[in-house]
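According to TrEMBL, the features are:
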DOMAIN    53-302  domain 'G-protein coupled receptors family 1 profile'
TRANSMEM  38-63  transmembrane segment
TRANSMEM  113-132  transmembrane segment
TRANSMEM  152-174  transmembrane segment
TRANSMEM  212-233  transmembrane segment
TRANSMEM  254-273  transmembrane segment
TRANSMEM  285-304  transmembrane segment
Amino acid sequence: MNLFSFLQINRNMNQGNQTTITEFILLGLSNQVEKEKFIFVLFLSMYLVTVVGNGLIILAIGLDTHLHTPMYLFLANLSFADISSSSTSVPKMLTNIHTKSQSISYEGCITQMYFSIVFVVIDNFLLGVMAYDRFVAICHPLNYAIIMHSRFCLLLTVCPWVLSNIVALTHTLLANQLVFCNHNTIQHFFCDLAPLLKLSCSDAMINELVKFIVGLSVITFPFALILFSYVCIIRDVLRISSTEGKWKAFSTCGSHLTVVILFYGTIVGVYFFPSSTHPEDTDKIGAVLFTVVTPMMNPFIYSLRNKDMKDALKKLINKRHFLPLMA
C-alpha cells in the first residue's frame with residue numbers, strides 16, 4: 001500500500017457521513033479572462049528561463065572539474081530545487097489556462113502541496129548550508145579541506161532533503177485529517193497549505209499551530225546560521241589591511257548574500273508587511289515570489305557575480321562541451 005492509498009483510506013474514515021470532496025477548483029491569479037493570455041505568456045516565459053538557467057548551472061558544474069567543490073555542490077542542489085519548485089505549480093497553472101479548466105483532483109492537490117512545501121523548505125536549508133560553507137572558507141581557510149571533507153559535505157547535502165520531506169510529510173498527514181464539506185474553491189493558483197486550511201470546515205487549530213511552530217523553526221534556524229556566518233565573515237574581512245584583499249573575500253560570498261537578501265526580503269516584505277490594499281492576495285504574491293521569481297533570478301545572480309561560474313557557462317555554451325552532449 002502506497003502513501004496516498006493510506007491517506008485516502010484514512011481520509012474516508014475521518015469524513016464519516018460528510019460529503020467527500022474529490023476535486024478542488026483553482027481560481028488562479030486572476031478571474032478576468034482578458035488577463036489570462038498575458039499571464040500564460042508571462043509565466044511560460046519565466047518558467048522556461050528558470051528551467052534553462054538552472055539547468056545550465058547544473059550542467060556547467062557537472063562538466064567542469066574546477067567546480068567540483070562543496071560550494072558548487074550545494075549550488076547545484078539549489079538549482080535543482082529551484083527547477084522543481086517552479087515545476088510543482090507553474091505547469092499545472094498553464095495547463096488550466098490553456099484548457100479552460102480549473103479543476104485538480106484531491107490526490108493531485110495533496111501531492112502538489114507536499115512538493116511545494118518540500119522545495120521551499122529545502123531552499124531555506126540550503127541557503128544556511130551555503131552560508132556555513134562560506135564561513136569556513138573565509139574564516140578558516142587553512143582548515144577548509146579538513147572541515148569540509150566529502151562525508152561531511154554529503155551529510156550537509158542529504159540533511160536538507162530529509163528534513164524538508166519530514167516537514168512536508170507532517171503537514172500532509174495533518175491536512176489529511178481535515179474535513180472538506182461543500183466548499184472546494186481555492187483562492188490560489190496551486191494547492192498551497194494556507195488556503196487549504198482556510199477551506200476546511202473542521203477545526204484546523206492543530207494544523208495552524210504546527211504550521212506556525214514548524215514554519216518559525218524552518219526560518220529561524222537557517223537564518224540564525226546565516227546571520228552568525230556573515231557576522232564572523234565581516235569581522236574577519238575587516239581585519240584584512242588591503243582593499244584588494246577585502247574585495248576578493250567579499251566577492252566569494254557576494255552571490256550567496258544577494259540570494260539570501262532576495263529570499264528573506266520576500267519573507268519580510270510579504271508576510272510581515274502585507275499590502276493594505278489587497279491583503280487577500282498576500283498568499284498569492286508570496287507564492288509567486290517563492291516559486292517563480294526567486295528561482296528565475298538565482299541563475300542570473302550566480303552567473304553574473306561569479307567569475308568561475310561565468311567561465312564554466314562559456315565553456316558549456318561554446319560547443320567544446322555542449323555539442324558532445326547533443327550527439
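Even glycines carry a Cβ here, placed using N, Cα and C.
Counting Cβ pairs closer than 8 Å and at least 6 residues apart in sequence, the transmembrane segment (38-63) and the transmembrane segment (212-233) reach fewer than three and form no contact. Counted as Cβ pairs under 8 Å, contacts with the transmembrane segment (113-132) are highest for 152-174 among 152-174, 212-233, 285-304. Looking only at the domain 'G-protein coupled receptors family 1 profile' (53-302), the predicted model's pLDDT averages out at 86.
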